[in-house]
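Take a look at the structure set out below.
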């Protein structure tokens, strides 16, 4: 019996069935070990991610928030996806017979989610490494970072941040290898074998797609930069290579416009681009409108009616002034502050965020022209250079990235803009409620509080109409007592020249210069304020109506039309009208005695300046039309009544007497609301 028991295993081991069973046992053992390795390493990996996201990130507060966002990227999204993945992975261990099959299906289920989160992290990995290199140039900061990492993850060693940042990249590339190891230890006729094959292929595709996405993002980041360059800087960048590229693109574009070569049609991208341009236009217009609104609000806040004398005694005026004072000190400034922080700044950020994609869309057109040219050459010759092949890949990368991300960008921009507009409406509503709440106590004291809104609106319209009629009546009464229009006094010795121009061209052709003209342009005249010229043609040789051809009596040339006004020739009858009109002799400089009799003004009289007057010497003083003037002496030192010594704004000097008139006294009027 002992010998039979000893020989039996030997014979079973040596048989083909025994060898097959032993091989199957080995495969099963190695398969279980590969599955265990997958689960254990996933558990350890997720633990490290959580340490990075919680302990390490929270202890690196000395770094700017922008740096932390780049370093750890979307690590929270990775933790969320891998946590669910690990949970489902651990549940497969309870079903031993179907475990491998379930693991293969699990990877297929998580394929899209893994690609979505890991491609974002991998795309920002190079930028994170650049930050790590900058930290190494600051020994103190590097030491602080290293101390934090060694305290939380001792196995990181001297690599520090670099060790932690590369872990997600290593993990996503290791998934196909772990699955391949399980597949190699699975018998081909097992039901799990084709599922594992699809899972291995799917994870390899994930890594390929991540690499392609990373390459596209690198191309996009290269062309999305918006640089504000001066013309000199742009010219400095020109060289033979860039000129050649631009010339080739222009040639390709002209061929397409002429119909010599076909244009590449991409209906999908054209639709996306059109929507993107509409979104960009909406953002730009909204930003411009909000800027104008803020300017108007600023102007409104500078105007303080509560500080003005409204010429209304008693009644609701004190209550109104009190309410306006409170609103301008509290409600309106607070509204402006919230408007800038919650509407204007987000709107500027949105416009800035769209600048990069706008540049990419423009660059795509350039790259499309390069792509079409290379495709033509490829069809004709059959081969292209490395640089031309790179141009093809660049266009394909840009186009694929834009087609993939423009829809999401359009949706986000529209949602962002919608939230900004809703915030703007909410701020307006809050302001209205706040104003009504503050005015609630004073509204009852107003005389028309009991009126309905339509009745109050009609009352306001009627009142404004009555007050407008009063203003027009006052204007008409004021104009009745004003002297006829006149001009600035003539330059010394200009009377003879004016008479010559008058006799040659007639009064309707004479104009007077309102301000000095430097004559900087070709054929332009240099003219002095008050000089009289004759109009020859009301436009120049190019048809420009803002540049007139004039004759000074000695020279002909051009003068700006905006600095010329029709000269009023004073007749002999008007010279004896005293205060009803200015005198022709008043064109002389002060104080030149003129024997012509002119009615004088009473000494130390309060009068009104009828016309503006610009002082031309230290003995004269300037006037503004409608300005109150005190007449000290109604003549100059030589007894000439054409010039009066006046005081204006605490300044004394001579002005033409014909420019002064007694203030009219119209019937009294004022503002009033019907009771």
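Any Cβ shown, glycine's included, is placed from N, Cα and C.
What you are looking at is a predicted structure, and each value in this text was computed from that prediction instead of being measured.
Taking TrEMBL as the reference, the stretch among 1-26, 27-52 described by the feature region 'Disordered' is residues 1-26.
Per TrEMBL, the listed range annotated as region 'Disordered' is 577-597 (candidates: 577-597, 598-618, 619-639). Using DSSP to sort the residues of the domain 'SH3' (602-665) gives these counts of helix, strand and coil: 3 helix, 28 strand, 33 coil. The domain 'SH3' (506-569): residue composition by secondary structure is 6 helix, 26 strand, 32 coil, according to DSSP.
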